[in-house]
Amino acid sequence: MRLASPRSLFVIAFLGSALLIAIALYMEHVMGLAPCPLCIVQRICVIGFGLVCLVAAIHGPAKVGRRVYAAIAALFVAAGAATAIRQIWLQSVPADQLPSCLPSLEYMMEALPFQEIARLVLHGTAECAEVSWTMLGMSIPEWSLLGFIGMAIVCLWQLLRRD
């Protein structure tokens, strides 16, 4: 049974990622929840996934191209899921063992090399460990991880489907 064409599945994945970013922006600008560094990395991964899916949907590639797009999208999913898992772990660490807060991104961009900025941001901060919102008992990074699992299913479906 054929559920969805490869192109329509890429469109659905793009729309799903656009919805996730819209929710993140709503939470930031309407609910007043400022994103931490790990949240920003997760947003970048969702945007990257969405852009790959959009390009794939516009291009409408054959079997090999579809798998290449799915593999590239899977890289964004893996990075985002790893970041969400890191943030979930930080939320379980006792407060006295959390990393200290970071200086502003503007300052770091002026004063530090890119590799050091990336290391500091991916390490996380006490700000990343704060649970500021929950729904159904799940925090934002847990919901984010659930979204990345859904994206991973799309990638696997596109990688493994037979024509």
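Each Cβ is built from the backbone N, Cα and C atoms, and glycine gets one as well.
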Identical membrane-side domain name, Val41 and Ala118, from Swiss-Prot: yes
Those residues of the chain, 6+ apart, with a Cβ under 8 Å from that of Cys39 (disulfide bond): Ala24, Gln87, Cys128, Ile140, Pro141, Ser144
Positions on the same chain near the topological domain 'Periplasmic' (27-44), where near means CB under 8 A and six or more residues out: 21, 79-80, 83-84, 86-87, 90, 102, 105, 120-122, 124-125, 127-128, 130, 132-133, 140-141, 144
DSSP residue counts for the topological domain 'Cytoplasmic' (62-67), split into helix, strand and coil: 5 helix, 0 strand, 1 coil
